[in-house]
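Here the structure comes first, spelled out in structure tokens, and everything after it is commentary.
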Amino acid sequence: MGENKSHNQVFDVSLNALPQGGSKCFDDDGHLKRTGTVWTASAHIITAVIGSGVLSLAWATAQLGWIAGPTVMLLFSFVTYYTSALLASCYRSVDPDTGKGKRNYTYMDAVRANLGGFQVKICGAIQYLNLFGVAIGYTIASSISMMAIKKSNCFHSKGDNSPCRISSNPYMIAFGVIQIVFSQIPDFDQIWWLSIVAAVMSFTYSTIGLGLGIAKVAETGNIRGSLTGISIGYVTQMEKIWRSFQALGAIAFAYSYSLILIEIQNTIKSPPSEYKTMKKATLLSVVVTTIFYMSCGCFGYAAFGDLSPGNLLTGFGFYNPYWLLDIANAAIVIHLVGAYQVYCQPLFAFVEKTALEWFPESKFITKEIQVPIPGYKPLKLNLFRLMWRTIFVIITTIISMLMPFFNDVVGILGAFGFWPLTVYFPVEMYIVQKKIPKWSARWLSLQILSVACLIISIAAAAGSFAGVVSDLKVYKPFKNMS
């Protein structure tokens, strides 16, 4: 369920009341000339997509087996590419007054321009709920990686078979405290280096995971796993069905980036048209990520077979070299600290904007307090921002402590966001924009694609909820030792 998912603000370079029409310095909408190319757009997509979702792919492949696992990954990559191309064509809406294409700067703008009304509210609700869920998923994932560093060092000093039991709660609280501090930075979207750091970190840990999988296969000399996936006996028939459904959610989460596609497209220069450039960038990045995903998923499965861990770097299939595992897990934590903010900033901005619209006179919401920082420009503190963002981080941390199940949360997020955001809205907007007649062959094939993806989403959600239910049977809140 890749990372860095919402660069809404990073990419929105709004400048008001500039001369209309294209010129040397300005684009046709009065914004400063955009400079993005196929390469920058591909880099943004790859940064957004390759994240901690990669680490659950070996587990997902193990549930499905050597035939279904790679097939499902290829299928998701095709659906992602196709629906992304549909979505990219909705970046410009024909303006009825001028006949020229009006730009949509965000996903919700595109939904508003093409579908309007009630659907915009539904799209917003799903988008922001998804971002809230991602904040919880990241808190869990970062605590698992922090615990893995502690455990790996414990195993190194006391031997691989020592119990080394650690509670995840202190690590979740530590992550929460860091996020409370970072959340107070009002213009976090200006920190462009965040995307670069996140990209480097995600490639670091993904490559280490891939390398260790290849090394393990080379060391043992045999390829584990079976054609049909995890064997009955290791799990019951019913568990196998639920786990297979859950694996679909995990793979969907690893591919989803449609949330930020329009924002990325808004950085691309034209001519050629943004749509053509975006289509090329989408193809390039989906091919790169699919090759990477297939390698990580398949080598992980080949190394561990039925025992493939839910999180490749923290499931302790690997113990050595312990320093390399520590580097990989530290990279995950650094990536997630930044990714949490990149995701939550649009949600913060939305709530603060809404509060300002409702209570424009309130000093509590509008007053900025200047806090001098020696050597830097003063930090602007706002009481409403301080309180609401702190409460938000505390809530996500408490929920994470109540149900710290990484795989289930990833599956639920993947299932919840995949159909509406990656398939339904792009398909419906495309039908409206291209005026495709009802019951025509094109209309029917698009609807069949949409319904098929809805069924996959429902199955994945059911599998993930079943996983949470079975985990809760043996779990005591706030006593999560592992």
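Glycine is no exception: its Cβ is also placed from the backbone N, Cα and C atoms.
Caution: TrEMBL annotation is automatic and unverified by curators.
Positions annotated as domain 'Amino acid transporter transmembrane' by TrEMBL: 34-469.
The transmembrane segment annotation in TrEMBL covers 38-60 (among others).
The feature transmembrane segment is assigned by TrEMBL to 72-94 (among others).
Look at TrEMBL and you will find 128-149 (among others) tagged as transmembrane segment. Remote same-chain partners of the transmembrane segment (128-149), defined as residues 6 or more beyond its termini with a Cβ less than 8 Å from a stretch Cβ, comprise 1, 3, 5-6, 52, 166, 168, 171-172, 174-176, 179, 259, 311, 313-314, 316, 325-326, 329-330, 332-333, 336-337, 339-340, 343-344, 346-347, 350, 392-393, 396-397, 399-400, 404-406, 409-410, 412-413, 416-417, 421, 482.
What TrEMBL records for 169-185 (among others) is transmembrane segment. Same-chain residues lying 6 or more positions outside the transmembrane segment (169-185) and placing a CB less than 8 Å from one of its CB atoms are 139-140, 142-143, 146-147, 191, 333, 336-337, 340-341, 344, 348, 379, 381, 385-386, 389-390, 392-394, 396-397, 400-401, 404, 478, 480.
Per TrEMBL, transmembrane segment is recorded for 191-214 (among others).
What TrEMBL lists as transmembrane segment is 283-302 (among others).
The feature transmembrane segment is assigned by TrEMBL to 322-343 (among others).
For the transmembrane segment (386-406), same-chain residues at least 6 beyond its ends with a Cβ under 8 Å from one of its own Cβ atoms are 56, 132, 135-137, 139-141, 143-144, 168-169, 172-173, 175-176, 179-180, 183-184, 310-311, 344, 347-348, 351-352, 355, 467-468, 471-472, 475, 477-478, 480. The annotation transmembrane segment is assigned in TrEMBL to 386-406 (among others).
Beyond the ends of the transmembrane segment (412-432), by six or more residues, the same chain brings 1, 53, 79-80, 83-84, 86-87, 89-90, 107, 110-111, 114-115, 119, 122-123, 126-127, 129-130, 133-134, 137, 248-256, 258-259, 443, 446-447, 449-450, 453-454, 456-458, 460-461, 464-465, 468 to within a C-beta distance below 8 angstroms of the stretch. What TrEMBL lists as transmembrane segment is 412-432 (among others).
Sequence-distant contacts of the transmembrane segment (444-469) (same chain, six or more residues past either end, CB-CB distance under 8 Å): 79, 82, 241-249, 252, 403, 405, 407-409, 411-412, 414-416, 418-419, 422-424, 427, 430-431, 436. Annotated transmembrane segment per TrEMBL: 444-469 (among others), in sequence order.
Through the fold, the transmembrane segment (283-302) approaches residues 2, 38, 41-42, 45-46, 49-50, 54-55, 57-62, 66, 69-70, 73-74, 77, 80-81, 84, 206, 209-210, 213-214, 217, 223-225, 254-255, 308, 312 of its own chain, all at least 6 residues removed from its boundaries and within a Cβ separation under 8 Å.
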